[in-house]
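J.: Quick one: the structure is below, and I'll ask about it shortly.
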Protein chains: 2
Amino acid sequence: MPLLKSWVESANAPDCEFPLNNLPYGVFDDGKGARMGVAIGDQVLDVAQVDHGQDAALFTAPEWNGVMAAGPQVWDALRARLTELLSEDAYRTAVAPHLVPMADVQMRMPFRVSEYTDFYASRDHAFNVGSMFRDPENALPPNWLSIPIGYNGRASSVVVSGTDVCRPWGQLKAPDEALPRFGISARFDLELEFGAIVGQPSDGMVSVAEADEMIFGYVLLNDWSARDIQAWEYQPLGPFQSKATATTISPWIVTRAALQPFRTSTPERDRPLLPYLTEPGPMLYDIDLEIGLAPAGKDETIIARTNYARMYYSAAQQLCHHTLSGCPMRVGDLLGSGTISGPSADSRGSLLELSWGGKEPLTLPTGEQRSFLQDGDRLTLRGRAQGDGYTIGFGECTGTIVPAAPRPAWATE
Amino acid sequence: MPLLKSWVESANAPDCEFPLNNLPYGVFDDGKGARMGVAIGDQVLDVAQVDHGQDAALFTAPEWNGVMAAGPQVWDALRARLTELLSEDAYRTAVAPHLVPMADVQMRMPFRVSEYTDFYASRDHAFNVGSMFRDPENALPPNWLSIPIGYNGRASSVVVSGTDVCRPWGQLKAPDEALPRFGISARFDLELEFGAIVGQPSDGMVSVAEADEMIFGYVLLNDWSARDIQAWEYQPLGPFQSKATATTISPWIVTRAALQPFRTSTPERDRPLLPYLTEPGPMLYDIDLEIGLAPAGKDETIIARTNYARMYYSAAQQLCHHTLSGCPMRVGDLLGSGTISGPSADSRGSLLELSWGGKEPLTLPTGEQRSFLQDGDRLTLRGRAQGDGYTIGFGECTGTIVPAAPRPAWATE
């Protein structure tokens, strides 16, 4: 598919993240209150202001959950309507007054997160972590090649790009310490992930094909992780407070429709998957991803580049597996892909892997070293799919680490 | 505190679960739609029908979340108002028309569950499980005596007492099988727990004392668990689909206020807790608990009796720990205590423990044996606090196991 031209000229540049082919959905605030918006070029369309006929009520809340709940026919009709309004010059006079410059708005959470699930589905990531903490010869857990391993996260901790992230306190115990202590996390990390947003509910098992149809769109996702808290708490029931400080998502929901041209297949399998996980077609997407790290007041360095196509399991497979025991899924559920790493040292999706557990600190161009995040560091994830003369972008997924809260009076030494 | 007398005569019997001292909150449906109700004797008060002055809007939705969000002053005022209306004979004429016989109503979910967290906090339970799967000499995980271990569950799977529970499908692999298969869980189990309902939100760390004040009330909770799915999936990130089929709660929220007379302390510590977990007073409750099992068409047998006072960690400690890394808590969050077991063989809160992993099946009076649940089994949890001439009950927390769904066409052999 080539570039679809818009009368919003800025949308027609080949490197613009928000051409007419994209039309991602967000919630913006220009000082007059939070409203639903659509990105086009360097503008945001105040989408409630255009005529939606009988669907008008779907556009009054500052969240996209209502549109998601309305179902795929409404999704398709909205995309067709917006494409028409923003491509045909005849609509320019009526629509242009409802465009707000992106530079003048603050982005809010694009949807209300119902529940948040995080997975563990990049083979290179699982291999790296297993090699560090277990044994390179047996790096993958025995179930890894059969199960899209997931765990439930905390929806209340999901924040939108731009929200500061406060370094957490927690229970910590180093391997050489006899007893734990209450302290500030010193091994605070990022995780480069891709988030799938469930747009339709389920009650009972759904197939991979049905799961794919339930997905409304995707965001970039940074699952901030306190490795020292995680190491002490995670046995036997999994990560808990180590993953509950914050999870940052990019502000624009890029729809499944916009990503269709970029579909690609999961890799060859070491051992066959159980039939229920068979994919009826390509379920991954070819999306270049990068992590930028900027120390306080310093320039940013790209510390890793990888691609979503590197995953072993797709979001559709993960969502199918999620429903296997009868677990109801709801509109607004968010599924994190799991950390996305590639095979090379510069394609690892976390500092845990990039610094190999702190043993091989990264050296930034400024000369500073990083094993884990320092206060003041600004982390930015970016994602781009390269089309024929156009780009599909997600907007930045960024967060700055701020110092831990003061020690509470009730948590004495 | 002695029995508080009500003009609703059935509330004054010493074994009535719902005397004036209790006043638990639920949502009932008598065929005219779901409404908020208060249990008193063998009646349900249609609470929206009594005068609440400026708080009237809190009683229009079929859920107690609005009252919870309104805060402790509103909670106290409501309890005082209801106590007055149901004790003083002068109000009988005005209030009696709004009583509905409990026998004529169906109970619904009493509140909308925001997020659901489950803990692992009974020492006897952790010891039993650790003895079975690891080693009686090292039964407790190294962190168990320091951390109120918890993991995030799935709020969408929480159902009210009386809802049938469908035996789940899942990925299964027995220790002697080389590869997993898609099959029906054969080791489906119950877990006797106590659920705490968060009635006030938090943003940042809260102390144990603050956490206690945030709790609106308690319910009985059965965290249905597929042990065979759990065994294969839970490493390294914890239980997922094994716990997502359903979690059943009792229909009445027994308020913290009603339970005040039954407060009791957590036990002596093997090693001191970190100061942040210090309790400013007794935070457990003396509540007798029991599990009844009735095979299809057969009489019920009580298969275990224990007490909530057996926990090592209180809900207030669990909630405090939950906020440690900055995790925001929300109105309607549900915290499961973890399976509650006692030290004796007949005080174990799960069939996993009662049958010692299936090695010592229970024999019921009918002659039938049980290692795990069979289709048609009806499980009922009950809880009672014994006051001076009165009883505080929770109503039954019950669910019947129905056969697994047919194999989906897309999940071939």
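The backbone N, Cα and C atoms fix where each Cβ goes, and this holds for glycine too.
Curation plays no part in TrEMBL annotations; they are all automatic predictions.
Quick caveat, the model's predicted, so the values are computed rather than measured.
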J.: Report the candidate from B:Asp89, B:Asp164, B:Asp223, B:Asp228 that shares the Ca(2+) site with B:Asp118, B:Glu191, B:Glu193, as recorded in TrEMBL.
T.: B:Asp223
J.: Cα within 10 Å of B:His125 (active site, proton acceptor) is the criterion; apply it to the binding-site residues B:Arg134, B:Glu193, B:Asp223, B:Tyr234, B:Thr339 and give the hits in sequence order.
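T.: Candidates kept after distance check: B:Thr339.
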J.: Identify, in sequence order, the binding-site residues in B:Tyr120, B:Glu193, B:Asp223 that approach chain A with a C-beta to C-beta distance under 8 Å; the answer is 'none' if none do.
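T.: Listed binding-site residues meeting the cut-off: B:Tyr120.
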J.: Of B:Thr247, B:Thr339, the binding-site residues given in the record, which has the fewest other CB atoms within 10 A of its CB?
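T.: Least crowded of the binding-site residues B:Thr247, B:Thr339, by Cβ count within 10 Å, is B:Thr247.
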J.: Excluding near sequence neighbours, so keeping only residues 6 or more apart in the same chain, what lies with its CB under 8 A of B:Glu191 (Ca(2+) binding site)?
T.: B:Asn222, B:Asp223, B:Trp224, B:Ser225, B:Thr339, B:Gly349, B:Ser350
J.: DSSP on the domain 'Fumarylacetoacetase N-terminal' (B:21-110): how many residues come out helix, how many strand, how many coil?
T.: 45 helix, 22 strand, 23 coil
J.: Tell me, what is the mean pLDDT of the domain 'Fumarylacetoacetase-like C-terminal' (B:116-401)?
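T.: Taking every residue in the domain 'Fumarylacetoacetase-like C-terminal' (B:116-401) and averaging pLDDT yields 97.
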J.: Could you check what DSSP calls B:Asp223 (Ca(2+) binding site) once collapsed to helix, strand or coil?
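T.: Going by the DSSP assignment, B:Asp223 (Ca(2+) binding site) falls within a strand, counted as strand.
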